[in-house]
Amino acid sequence: MSWSILEFLRKNPEELKNNLKRRAIDVSLVDKAVELDKKWRQVLQEVERLRHQHNVLSSQIPKLSGEERKKKIEESKNLLKILEDKEKELEKIEVERDRLLSSLPNLVADDVPNGPDDSYNIPIKFWGKFKVYEGDVEEFLRQTKDANVNYEIIKWKPKGHAEMLEDVLHLGNTLKAAEIAGSRFYYLFNDIVWLDFALLLFAIDYITQQGYTLVLPPYMLRGEVIQSVIDLDTFKDAIYKIENEDLYLIATAEHSVAAMFFKEEIEKDKLPLKFAGISPAFRKEAGAANKDLKGIFRVHQFHKVEQFIFSTPEDSWKYHAELITNAESIFQQLELPYRIVNIASGDLGACAAKKFDLEVWMPAQAKFREMVSCSNCTDWQAFRMKIRYVDRKNNKRGYVHTLNSTAIASTRTITAILENYQREDGVVEVPKVLRKYLEIFPKAPKDYIYPLKNKII
């Protein structure tokens, strides 16, 4: 089984063009790729013909003697030189073709909504009881139109997570962090740090109970590897590079876990392989200059637990459903109300064929905010990383499918807890499911997080 994009290129280039149109990408790239592939196949035929000629000639030489033998040896040398030149030409064309094809985004799944940006994303599910300030009811109903949602109206306006963190609880300081490190960094203290750790422990406890192998991966990857996992040309402003080193800081454990089988083959009967990666995540957020400047929703570093699956092509959609189900279970246990959104074609990102986002309702902001991103990357990453499965019983090889989903991104989930679990007096209730991870530590909060009288710094 060959790479899906290459198959489309050969069998149905017009369909490949339609796919690019759904992402608003220049379709002339397909025409260039078709020409390169046609040229590659022509040169391949020449190479195979020359190889056959050389093999025939080589088999004749041992049977000859004298001048005729010398003549054939010379002829063989000349033919070998021509063959080597043709093989180099073939390799050059193949590299050029594959580089062009690798620059293309993944094929979009049929049931992905068409549209150039996130305004075309379609909510497909709502869960939980939504806490809505009386002045925001109209806006809430606009965002949940045509959905049968359960909500309660509250008469007091919840405070935003940034205000709660710094001015009410006095358990965070982004101003001092900005002074010594720049914007989008933070200091967190005491109960919020315990909350961060409890979220991570809860997520890895739950996900590993679903049969996932826990992994602590490298926090940096070489350029060749990160380029294979993501579209680095597009995301170069989002990824940190180590100065004077061929190393990049990962933006999620997905990157390192995906590369675990870089340039390797996996026995088909070992699939699926399921992992839960835990790591810090480092992001420049260069494209979000004026978004979420306050608080800890959009930051340069945070802790994250990531689900990742290597699958056979025929099973990948089943596992995509499993990943989002796991994520939903985590947020249901946290009792954070959310919606699931089917992401539009123009908002997908190059890697994904289809993506669901889980967005939690933030009552202070009166909007849904992304907490989880769940993608089926089909064979897009696997082709670039040269990760194949081997079916020895049927003598077949093919590219694996890779899938990923957030389990928990700690700081974002903390913002959701601060907005959804706050009381009017500023006290924040600790979600019940997290309490068993805190009770073993004498200094950790148990049931509630109380405001400090004075700031720590």
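Cβ coordinates are placed from backbone N, Cα and C, and glycine is handled just like the others.
When Swiss-Prot records Thr252, Ala253, Glu254, Thr406 as binding L-serine, the matching candidate from Glu306, Glu359, Glu370 it lists for that site is Glu306.
Look at the binding-site residues Ala253, Val299, Met371, Val372 and count other Cβ atoms within 10 Å of each Cβ; Val299 has the fewest. Among the binding-site residues Thr252, Ala253, Glu254, Thr406, the ones whose Cα sits within 10 Å of the Cα of Val372 (ATP binding site) are Thr406. Neighbours of the L-serine site: apart from Thr252, Ala253, Glu254, Glu306, Thr406, residues of the same chain with C-beta atoms within 8 angstroms of the site's C-beta centroid are His255, Val257, Gly277, Ser279, Ala281, Lys304, Val305, Gln307, Phe308, Asn404, Ser405.
Note on proximity: among Arg283, Lys284, Met371, Ser373, the binding-site residues of the record, the Cα nearest Thr406 (L-serine binding site) is that of Ser373. Of all the binding-site residues given, namely Thr252, Ala253, Glu254, none has its Cα within 10 Å of the Cα of Ser373 (ATP binding site).
For the binding-site residues Thr252, Ala253, Glu254, Glu306, a Cα to Cα distance of within 10 angstroms from Arg283 (ATP binding site) holds for Thr252. When the Cα positions of Thr252, Ala253, Glu254, Glu306, Thr406 are compared pair by pair, the longest gap among these L-serine-binding residues is 10 Å. When secondary structure is read from DSSP and collapsed to three states, Glu285 (ATP binding site) falls in the coil class.
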